[in-house]
Amino acid sequence: MKIDGRPYRTIFPEAGGNAVTVIDQTRLPFAFELKRLASLDDAAVAIRTMVVRGAPLIGVTAAYGLALAMREDASEAGIERAAATLAATRPTAINLRWALDRMAAVLRRAPEAERAALAFTEAASIAEEDVASCRAIGEHGARILAEIAVKKGGPVNVLTHCNAGWLATVDWGTALAPIYVAHDAGVPVHVFVDETRPRNQGAALTAFELNAHGVPHTVIADNAGGHLMQHGQVDVCIVGSDRTTAAGDVCNKIGTYLKALAASDNRIPFYAALPFSTIDWTLADGVRDIPIEERDAREVTHLTGRTDDGAFATVAVVSPGSPVANPAFDVTPARLVTGLITERGVCAATEEGLAGLYPERRKAA
């Protein structure tokens, strides 16, 4: 996507494979800064501290992190150590494990002397595949928005939660890709952007993206979505996913489940947009089996923003001494999901629906 007319991806390698550059998302929306990752530790810290975030981008960053590690130690033990370090950074997003498993499998088949170069080639392939998948998700999802616009005879009001745009992937995004494709095709679209506490990824990141692309949008408080649905102001909900089970349960940013409940109660379609790499084919019951990351209490107790004089400040917003819980994700049961928008098309959030799009998985099972 473009920032001030210049095309950017969220991650890109330096010539020669000595490092990769990422957009530092902890500085957005008030400062657009690039950060250089030159080692395994740099990549792991970037993932853990959410300099990069979003399931697909986490996976690609991990792939490049493993490639950086191969410059120092390309042995079997080196592969194992690097993969373990990266896997420990964020437990919920399945793309992380998927990318590491793919990288390790490719590297183990190659002679040790060839692994460093091969690792960067494979990481770049994963990045390119992510871009293609997200673009395809956008095409499939845009058809849904176009149909709603024709039926309604006016702008489509989309509600989204957290950030599942190009900042969460290499480019285009998942949940926002249909919005970008539809907008670029002339379909009138307006987006309600949940602020998405505690890290405000909707207000900070999704609004930043939509502003940059010229998409009409309104930032709302997290608890406003149900009210808007009750009063007919939302036509469709589209969210991303950090892990989707083989049965169609969708794990996404905390608060997604509540939006799905409100959408169901008001008969509003609720879609999750995700690439193949987000599907965990080993799990059937997402509520029971998906590990939910518990993050630092300071994300809840403190807020960081820009003051009127342009300085950045962090302030406390919770009564001192109050205990805090900070689960980062929740799981929306498949029964509340109208459909899954993938790079291969749209399907029901069921085992049969996913198997119809990915028949090779059924054969593998």
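Note that Cβ sites are derived from N, Cα and C of the backbone, with glycine treated the same way.
The Cβ of ASP242 (active site, proton donor) has 31 other Cβ atoms within 10 Å, all protein chains considered. As annotated by Swiss-Prot, active site, proton donor applies to ASP242, with the evidence given as sequence analysis.
Applying an 8 A CB threshold to same-chain residues 6+ apart, the list for GLN201 (substrate binding site) reads ARG53, CYS162, ASN163, LYS253. DSSP assigns GLN201 (substrate binding site) to a helical segment in the three-state reduction. Residues annotated as substrate binding site in Swiss-Prot: ARG53, GLY54, ALA55, ARG90, GLN201, ASN252, LYS253.
Per Swiss-Prot, site 'Transition state stabilizer' is recorded for CYS162, and the stated evidence type is sequence analysis. Reduced to three states, the DSSP call for CYS162 (site 'Transition state stabilizer') is coil.
Across the fold, the C-alpha of ASP242 (active site, proton donor) and the C-alpha of ASN252 (substrate binding site) stand 5 Å from each other.
Other residues of the same chain near the substrate site, with their Cβ within 8 Å of the Cβ centroid of ARG53, GLY54, ALA55, ARG90, GLN201, ASN252, LYS253, are ILE58, ALA93, CYS162, ASN163, ALA164, ALA168, GLY240, ASP242, ALA328, PHE329.
Taking a C-beta cut-off of under 8 angstroms and a sequence separation of 6 or more, ALA55 (substrate binding site) has the following same-chain neighbours: ALA93, ILE94, ASN95, LEU96, ALA168, GLY240, SER241, ASP242, ARG243, LEU274, SER277, THR278. Taking a C-beta cut-off of under 8 Å and a sequence gap of six or more, ARG90 (substrate binding site) has these contacts in its own chain: ILE47, ARG48, ILE58, LEU96, GLU293.
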